[in-house]
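Novice: In case it helps, Swiss-Prot gives these features for our protein:
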ACT_SITE  E155  active site
BINDING   C111, H154, H158  Fe cation binding site
Amino acid sequence: MILMKDIVRDGDPVLRQVAQKLTFPLSDHYRKLADDMMEYLVNSQDPKIAAKHQLRAGVGLAAPQVGEGVSMAALLVPDDKGEIIFKEVYVNPEIISESVRKTCLSEGEGCLSVDKVIDGYVPRPNKVTVHYWTVDGEEKTIRLKGYPAIVSGHEIDHLNGHLFYDRINKENPFALDEDTIVIY
């Protein structure tokens, strides 16, 4: 089981490297990694389990965040009522198209690998099309909007060596375009 002590923190070089693409069929090691990352997200969203193991809640976890420099990320995205609206493990994901219109979270973003609060809006495309493979090697392309699009962008950024605060406007952290959709 992945615990907070296993999460790589900001400053570790693996978080700033472009993750290596995986080949299929996935080895048992990478299949287990996918299961373990999803298990962390499920456990972290269960208040009793999270408290018992001192887990910070997460909606996404990329392989580099657990020290594995490979292109894989687990996502478990709830709606504002806590119901799961998107659950997937991406292998070798790419955002192949995105909307011009941006969206962001009203409270900004956080990250399991970043221990401090970094204030500011993190504008991301409101709609994205993600091309990826499943753990079983099935090729997929999906369109996402709103919160699932934000989480997908955050995790895919990890796979490209970027952290959420790289997207915050340095001069005015709370500046937004007029038509940016602010959610939650």
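From the backbone N, Cα and C atoms, a Cβ is placed for every residue, glycine too.
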Novice: For H154 (Fe cation binding site), write down the residues of its own chain that are at least 6 apart in sequence and whose Cβ falls under 8 Å from its Cβ; none is a fine answer.
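Specialist: Once residues fewer than 6 apart are set aside, H154 (Fe cation binding site) is near G60, E109, C111, V122, R124, F164.
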Novice: According to DSSP, which kind of secondary structure is C111 (Fe cation binding site) found in, if we only use helix, strand and coil?
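Specialist: The residue in question, C111 (Fe cation binding site), is strand (DSSP, three-state).
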